[in-house]
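Annotation source Swiss-Prot lists active site, proton donor/acceptor at Asp151, citing sequence analysis. According to Swiss-Prot, the feature active site, nucleophile maps to Tyr406, an assignment based on sequence analysis. The substrate binding site annotation in Swiss-Prot covers Arg118, Arg152, Glu277, Glu278, Arg293, Arg372. For Asp294, Gly298, Asp325, the entry in Swiss-Prot reads Ca(2+) binding site, with the evidence type sequence analysis. Sequence annotations record features per position, and here Swiss-Prot assigns disulfide bond to Cys92-Cys419, Cys124-Cys129, Cys184-Cys231, Cys233-Cys238, Cys279-Cys292, Cys281-Cys290, Cys319-Cys337, Cys423-Cys449 based on sequence analysis. According to Swiss-Prot, the feature region 'Head of neuraminidase' maps to 91-470. Annotated topological domain 'Intravirion' per Swiss-Prot: 1-6, in sequence order, evidence recorded as sequence analysis. If you look up Swiss-Prot, you'll see 28-470 marked as topological domain 'Virion surface'.
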Amino acid sequence: MNPNQKIICISATGMTLSVVSLLIGIANLGLNIGLHYKVGDTPDAPTPNVNGTNSTTTIINNNTQNNFTNITNIVQNKNEERTFLNLTKPLCEVNSWHILSKDNAIRIGEDAHILVTREPYLSCDPQGCRMFALSQGTTLRGRHANGTIHDRSPFRALISWEMGQAPSPYNVKIECIGWSSTSCHDGISRMSICMSGPNNNASAVVWYGGRPVTEIPSWAGNILRTQESECVCHKGICPVVMTDGPANNKAATKIIYFKEGKIQKIEELTGNAQHIEECSCYGAKEVIKCICRDNWKGANRPVITIDPEMMTHTSKYLCSKVLTDTSRPNDPTSGNCDAPVTGGSPDPGVKGFAFLDGENSWLGRTISKDSRSGYEMLKVPNAETSTQSGPIAHQVIVNNQNWSGYSGAFIDYWANKECFNPCFYVELIRGRPKESSVLWTSNSIVALCGSRERLGSWSWHDGAEIIYFK
């Protein structure tokens, strides 16, 4: 083949390939246009699959175009149908106590930003349980921790945080501002109450659903104060015990019945109880029982029994000869249902609790009768009604070589059980006045719940080495 023929052959081949490429491009364009109009003419997409749960609804859309499948998950919050808590169940049988939570706040605070607190407690709602306490508005390592031994200041607030964590500026929720508090959930929303202001003219602000609803002025001009642990609600009615007046003489105590943060009724204290402070309350069988502190006379604890539906109450003293306040005298040979058992020094009292359920009754107290050290649980059948009732079982919670403090009751009323399981917490106070080498006074928390099994004892003390804070 001569050179001219080669050129002609190569040119013809190139032209042929160019034409083929052009035809392929035209065909591809036409195919895309055709597919586009074909998809546009398709019938409406079928109703997406809906996967529903109690709390959310998940919608799954499957859209297929050009052999590509796009799956879109849309999560919609479903309005939960909540109802008011109803205290119809009895207390569960308890043969011992199992550990629920321990926050180790002081140990962690040696090297972390942990808030200075006191007067802690736990309270539950339909989603779970949270820890609460009155913050001092500073951290353990902060310079403002000096002077936090004092109970009342403008810097205190009721805070809450996830159970088991240590409270820090980064994980707490501010419930309300004040130096005395209570809080409870009615099944629909939470009510929190805080007292603040000067000793001679304090006031309470009642919050419901995250908003302030009601204000209550002082009625005796002497440190208006409340429970320092959770209140309890039944069918929307949430009774709260408040006291205004002397800590070492006759004071004015009221039981105030709230619904959605609004006052429904106010009762003056009636019955045999002579002095009421810092009540620890729980509910079962449509009755609320509050075990309180007589800071004036009694080493036996006052008991207020509340009918939340009728909005009425009675009061008396724990009948058992097992005394549970601190300070206290030695246990007498017989208890007293109608009057305080006097004696004990140097401290006039401490917040405490009991679960009073006939043969299934348990009392908590410090192991030391003179100071807030150690903690024990005693099973005392018929402690509420029998002056001869004594302990038949015993469990150490904190050994007597370690500090304890306030204690109180709480129950997860929304747990899926046939009964309400009793739970309690113990405040583990560290710092001043007993440990004066540091400037602060604060606490950690341990919480336990009832078990039908017979479990062993252990000491759940705070465990922080104060020397590390120097």
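Keep in mind that glycine also has a Cβ here, set from the backbone N, Cα and C atoms.
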In Å, how large is the greatest distance between any two Cα atoms among Arg118, Arg152, Glu277, Glu278, Arg293, Arg372, the listed binders of substrate?
21
Filter the recorded positions Asp151, Arg152, Arg293, Gly298, Asp325 down to the ones within 10 angstroms of Cys279 (disulfide bond), Cα to Cα, kept in sequence order.
Arg293
Candidates Cys292, Asp294, Asp325, Cys337, Cys423, namely the recorded positions, that fall within 10 Å of Glu278 (substrate binding site) by Cα distance:
Cys292, Asp294
Residue pair Arg118 (substrate binding site), Cys292 (disulfide bond) - Cα distance, angstrom, rounded:
18
Rounded to the nearest Å, what's the C-alpha distance separating Arg152 (substrate binding site) and Cys290 (disulfide bond)? Just drop the number here, would you?
24
Give the helix, strand or coil assignment DSSP yields for Cys319 (disulfide bond).
coil
CB-centroid shell, 8 A cutoff, Ca(2+) site Asp294, Gly298, Asp325, site residues removed:
His275, Arg293, Asn295, Trp296, Lys297, Ala299, Asn300, Arg301, Pro302, Tyr317, Pro340, Val341, Gly349
Should any of the recorded positions Cys129, Cys231, Glu277, Cys290, Cys292, Arg372 have a Cα within 10 Å of the Cα of Tyr406 (active site, nucleophile), which are they?
Arg372
Could you say which of the disulfide-bonded residues Cys92, Cys184, Cys319, Cys419 has its Cβ with the most other Cβ atoms inside 10 Å?
Cys184
For the disulfide-bonded residues Cys129, Cys292, Cys337, Cys423, the one whose C-beta sees the most other C-beta atoms within 10 angstroms:
Cys292
